[in-house]
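Student: Sharing the record's features from Swiss-Prot:
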- H299: active site, proton acceptor (ACT_SITE)
- G233, G234, D259, D279, F280: S-adenosyl-L-methionine binding site (BINDING)
Amino acid sequence: MASSVATLVKSLDKINAADFESDEAARVNAIAAAQKMIHRLQSGVERGIELTHQRSTVFPIIDVFEDLGLWEAWASQGHEISLEGLAQLSNTPLALNLLRRLCRLLTAADIFEEKSEDCYTPTELSLYMGDKTKGSQVSQGSAPGWVGSYTNLPIFLKETAYQEPLDPKKSAYSKTAGKSFWEELSQDPLQQENFGRFMSSWAKFKVPWPAFYDTESLVRGAEPGMPILVDIGGNDGTDVERFLAKHPGVAAGSLILQDRPAALKLAKVDQKIELMPHDFFTPQPVIGSRAYFFHAVLHDWDDAHALDILRNTVPAMRKGYSKLLILDIAIPRTGASLIQAAMDISMMSLLSSLERPITTWEILLKKAGLKIVKFWPDPRRYETLIEAELE
């Protein structure tokens with residue numbers, strides 16, 4: 001029995017992402033299966049320690065490395081480094097044994113690797129966290145305001161008599177920071193830029209939507225001289241660029257990227273794409289586009305505000321011609337993944353908003369005068385593209 005288990009462990013240890021290079025869905029399923037296997041092997045005490053001690057201590061230390069400038073400085077070198085060398089990269093003098101203890105936790109958590117005693121090797125993750133052009137979701141997601149909102153969520157829910165949080169001005173985040181998430185962004189240009197880069201990085205991680213949605217039908221059915229795609233709240237233009245990459249022959253000006261002026265500053269897009277400042281709480285100025293596209297926008301808002309956004313868009317649509325495309329999480333009736341469920345609680349904590357179940361999407365769109373044509377899940381089963389049109 002012992003030898004067969006040892007053989008199995010060796011086999012499992014050889015599996016890596018390259019084995020699933022051509023099958024993204026299989027890779028995601030393998031991750032889920034591996035995580036479930038770990039949980040089956042752990043005792044209740046072990047899982048409790050993991051949740052209360054192991055995971056909860058990693059994020060603060062990631063933030064310490066961020067404060068010391070170590071992620072960026074190490075990534076710029078990108079090679080093996082000694083403890084002393086790492087200390088020399090710090091923007092602030094620190095005790096060597098303190099750094100050793102911090103590194104011990106981060107290597108045990110596989111954030112970077114321990115090559116030998118007091119010698120470390122970067123990983124894809126640690127290099128990623130040091131690349132400021134990508135706006136790491138790890139460092140952004142472990143920022144004090146975010147972590148504080150998660151920590152304060154139990155207190156916030158108790159103080160609000162365990163009612164579902166749906167007021168964007170009252171959230172666990174606002175309880176922590178003294179202002180809402182959006183208010184803080186609007187008052188802090190640096191934080192707004194960091195958040196924009198974070199969203200850009202997050203978007204690039206996701207499966208490109210033209211890879212699983214029939215964008216060819218949009219181009220084929222488009223009228224000459226009319227807009228084909230309006231990307232509303234599209235940040236740096238990752239999604240509209242992906243559309244253009246698949247359909248490079250579309251006419252200049254037929255693709256439009258809309259967002260707040262501060263967000264559009266991050267957009268470095270092809271000259272065929274028109275940049276247009278727009279507040280999606282005001283009427284959509286582009287009339288009769290083939291498609292209007294929202295990616296990770298509506299999950300930021302409760303139903304009342306989301307309905308307001310939709311009702312400002314619907315009048316611009318043409319019946320029988322225009323499509324409304326929403327790329328967001330659509331939580332299944334059963335069997336939600338951990339990332340889907342965690343994102344829902346994250347939206348609750350930060351914004352008093354939500355990730356919507358499929359049935360909630362159906363009700364919301366119907367109230368806006370829309371009917372769902374089809375749900376298009378991405379291969380990772382994280383997000384779903386909801387195709388809708390006027391009733």
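Each residue, glycine too, has its Cβ placed from N, Cα and C.
Any idea what these are sitting next to in the structure?
Tutor: Using a 10 Å Cβ-Cβ cutoff, H299 (active site, proton acceptor) registers 21 neighbours.
Mapped onto three states, the DSSP output places D279 (S-adenosyl-L-methionine binding site) in coil.
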Student: Around the recorded S-adenosyl-L-methionine site, report the further residues of that chain (criterion: Cβ within 8 Å of the mean position of the Cβ atoms of G233, G234, D259, D279, F280; site residues excluded), sequence-ordered.
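Tutor: Here the nearby residues are I232, Q258, R260, A263, H278, V297.
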Student: Please find, for G233, G234, D259, D279, F280 as listed binding S-adenosyl-L-methionine, the greatest distance between any two Cα atoms, in Å.
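Tutor: That value is 12 Å for the farthest Cα pair.
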Student: Count the other Cβ atoms sitting within 10 Å of the Cβ of D279 (S-adenosyl-L-methionine binding site), across every protein chain shown.
Tutor: 12
Student: Looking at Cβ-Cβ distances, which residues of the chain lie under 8 angstroms from G234 (S-adenosyl-L-methionine binding site) while being 6 or more apart from it?
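Tutor: Correct list: V240, L257, Q258, D259, F293, H295.
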Student: Relative to the Cβ position of D259 (S-adenosyl-L-methionine binding site), how many further Cβ atoms are located within 10 Å?
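Tutor: Excluding its own Cβ, D259 (S-adenosyl-L-methionine binding site) sees 25 Cβ atoms within 10 Å.
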